[in-house]
Amino acid sequence: MSWRYALKNYVTSPETVNDDTVTYFDDKVSIIRDSFPKSECHLLILPRTMQLSRSHPTKVIDAKFKNEFESYVNSAIDHIFRHFQEKFRIKKSDDDKDPCWDDILKDKNKFVRNFVQVGIHSVPSMANLHIHVISKDFHSVRLKNKKHYNSFNTGFFISWDDLPLNGKNLGTDKEIETTYLKEHDLLCCYCQRNFSNKFSLLKKHLELEFNSHFELK
């Protein structure tokens with residue numbers, strides 16, 4: 001089976017998956033850990049109705065869809081917040097003058113506002129519709145190239161809050177991929193420093209950024 005269909009079993013029969021990938025499922029949805037997480041926490045919400053699952057997210061996600069799946073999005077956000085609370089504490093540093101880090105692991109709204117993003121890829125790589133709920137650290141061994149990073153940190157990623165698109169024309173798939181995945185510079189998600197096309201330098205910088213803010217309990 002093509003890798004494009006790797007999510008199919010989680011949609012059709014999540015109860016048969018014999019690993020810890022599935023965090024929750026019911027008749028409407030499966031919530032799973034991304035098998036190739038691009039951040040410390042990276043969850044996927046998969047609608048189980050085949051009509052939805054086979055649809056393009058930019059075309060099918062409307063106000064009704066959002067209302068139906070909002071509670072699942074909130075559940076995935078809660079999962080990420082609990083994970084960070086249980087695993088990490090904020091590292092206090094005289095060099096860290098950014099107030100957004102003060103008590104971020106105690107204030108869920110602050111954590112979500114500054115450190116979680118929810119949305120879709122404008123050109124999905126997988127056949128089954130999925131919504132990303134991901135922590136904005138990009139601290140992961142699975143983050144391996146410019147395409148991985150820019151797919152979440154440019155206009156290639158469409159925020160849940162910006163949906164539905166209401167017919168907005170994004171361009172062809174090729175135009176979108178060229179603009180955001182190939183030609184767009186690498187900008188640090190913490191400080192906006194421009195790394196041009198130097199992914200290895202960005203990767204080291206992201207490690208330093210994460211470790212300057214978080215430490216294991």
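From the backbone N, Cα and C atoms, a Cβ is placed for every residue, glycine too.
Sequence annotations record features per position, and here Swiss-Prot assigns active site, nucleophile to His130 based on similarity to another entry. A 10 Å cutoff on Cβ-Cβ distances gives His130 (active site, nucleophile) a total of 24 other Cβ atoms nearby, all chains included.
Taken from Swiss-Prot, the feature Zn(2+) binding site applies to Cys188, Cys191, His205, Glu209. Cβ contacts within 10 Å of His205 (Zn(2+) binding site), excluding its own Cβ and spanning all protein chains shown: 17.
Per Swiss-Prot, the feature domain 'HIT' maps to 6-139. This prediction places the mean pLDDT of the domain 'HIT' (6-139) at 95.
What Swiss-Prot records for 34-38 (among others) is region 'Interaction with DNA'. Beyond the region 'Interaction with DNA' (34-38), the same-chain residues lying 6 or more positions past its ends with a Cβ under 8 Å from any Cβ of the stretch are 6, 21, 44, 132, 134, 138, 140, 142-143, 148-149, 152.
Among the features that Swiss-Prot reports, region 'Interaction with DNA' is placed at 121-132 (among others). Sorting each residue of the region 'Interaction with DNA' (121-132) by its DSSP state yields 0 helix, 3 strand, 9 coil.
Tertiary proximity for the region 'Interaction with DNA' (144-148) is limited to same-chain residues at least six positions away from its ends with a CB under 8 Å from its CB atoms, namely 38, 181-182, 186, 197, 199. Swiss-Prot lists 144-148 (among others) with the feature region 'Interaction with DNA', giving similarity to another entry as the kind of evidence.
Annotation comment: Swiss-Prot describes Tyr10 as site 'Interaction with DNA'. The C-beta environment of Tyr10 (site 'Interaction with DNA'), restricted to residues of the same chain at least 6 apart in sequence and closer than 8 Å, consists of Val17, Thr21, Val22, Phe25, Ser30, Ile32, Leu46, Asn128.
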Within the chain of Cys191 (Zn(2+) binding site), which residues six or more apart in sequence place their C-beta under 8 angstroms from its C-beta?
Glu209
Need the DSSP three-state call for Tyr10 (site 'Interaction with DNA') to compare against my parser.
helix
Packing count at Cys188 (Zn(2+) binding site) (other Cβ atoms within 10 Å of its Cβ):
16
Cβ packing number for Glu209 (Zn(2+) binding site), 10 Å threshold:
18
